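Visitor: So TrEMBL has the following annotated:
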ACT_SITE  187  active site, proton donor
ACT_SITE  332  active site
ACT_SITE  436  active site, proton donor
ACT_SITE  455  active site
BINDING   541  Ca(2+) binding site
SIGNAL    1-22  signal peptide
């Protein structure tokens, strides 16, 4: 019976140690075994968390530094490691194509020529004329067949030349921008202007890598339409003391007399790619000039202490109305387009601004341990802070921030991208979707709807291109299955009203076809011409494909900004490499190719921190 005595002794020792640990905080208040929150939070609402979800583990994210590590788990290796069967990959590619086809065909059957599809009631949706204040609808829908236009280059990327040609002809024959519609300048630019330019570039590409996408007797009609739309957006840049544009413009009448003088950083500062392409295709500097002036105006308003920008600014006074600095809504694509403008146009000042912004983001927004795949502490996470002090403003992040790992891939910061992506993927695994806002302190959604956003898929695709790690194919498969299970409706795919309850809203936003389906398809289509043709491509913030070539790096003018003709250095063509071109992104050694990109103990740590385990 000696072994029984030994077991009893060990049990008593363990109980004694637990009692001592329980007494330590009272005996020595200065000794903290776990970092505490500097201010109290209410417990997470039971309805928003799974049964048994424990307290938050993100305490150290409330300030610089990190907490303890987490134990490992081989179940992650068993699930995600090893080669991904080619047959399965082909089936998932076809499933992604089928998802797009079902959504697109449903739109054309039930909604065209209106802007969007209501997938639950199988009907079309246009601007809300009865309620002009309904900006959620009216900012986006301009009565110009939005979903058809936004989906054009996805048809080409999927190799459907006949439908692409048919769709282009429909746009040319039926769409007009001479409409009494007040739209958001940003949304009209990235969704409509960007797609028209992308389709025009595809049609006129002499190499035709996606198949024969040429249009008989094509006379640059899409380029002319893009020009017409951009001219109608130009009044937003007039009568503004800072050069930062008004947020909205009426396509027929110009800026409304009661227009708001406040705009967000992303909305005003993310126009340069589309406006720059248009200027360089037309040989007219006007459009790039106004977009670049807006970027520089915003950049000049950054904090002298932190170098950060806020998220809402008054266009007349330059006063920051919203002082939150983050990577999500209101700020996201501003940083994205600093880098992508450099990639496309080769203006070194764009890269200098991006590098400065990225350093400030790392210094003030990043929390957690220094390295992604080694050391102790919480995983890296980027939080929302006050632009002037760098102090934490809240404990939520939003789903738009899931784009940031993809941007980090483009600059080569792959290791950090791996960790941030794993955090968003863990949230997806918990809910089968990304809530619009997730509170990492409460382990629960603050805003629980999911409008079919593409940002996590985009980062998954770019990380796969950079690492060729099958883990990201598994992630894509999870996302695809969740979309099919929770969002598929009678006539398309529907917004999730609540990611926990899985209730639906009757709306399919156009970016589902232009981005979400496209990135899923490309993730599983290894042989796509976009990866194999030898051409170099870049995606706009709306997922539109544009070629990276010399004609966009050679402007036909010198007056990019008045008085700065000599200061803007240009990138020489032989210096340029498209950093998201797949052959340039195989940075991961072969011996790591089939290992987990993030060690299993760190994956388990992240899963625990979002309440999965």
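Just so it is clear, glycine is given a Cβ too, placed from its N, Cα and C backbone atoms.
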Visitor: Counting distance between Cα atoms, which of the recorded positions 187, 332, 455, 541 is nearest residue 436 (active site, proton donor)?
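Guide: Checking each of 187, 332, 455, 541 against residue 436 (active site, proton donor), the shortest Cα distance is to 455.
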Visitor: Report the same-chain neighbours of residue 455 (active site): residues 6+ apart in sequence with Cβ closer than 8 Å to its Cβ, ordered by sequence.
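Guide: Sequence-distant Cβ neighbours: 399, 400, 401, 402, 403, 406, 434.
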Visitor: In angstrom units, rounded to an integer, how far apart are the Cα atoms of residue 187 (active site, proton donor) and residue 332 (active site)?
Guide: 14
Visitor: Do any residues at least six apart in sequence from residue 541 (Ca(2+) binding site), in the same chain, have a Cβ closer than 8 Å to its Cβ, and if so which, in order?
Guide: 190, 270, 273, 333, 336, 337, 340
Visitor: Among all the protein chains here, how many other CB atoms are within 10 A of the CB of residue 436 (active site, proton donor)?
Guide: 21
Visitor: What same-chain residues, at least 6 away in sequence, bring their CB to under 8 Å of the CB of residue 332 (active site)?
Guide: 266, 400, 401, 403, 404
Visitor: If you count Cβ atoms within 10 Å of the Cβ of residue 187 (active site, proton donor), leaving out that atom itself, what do you get?
Guide: 21
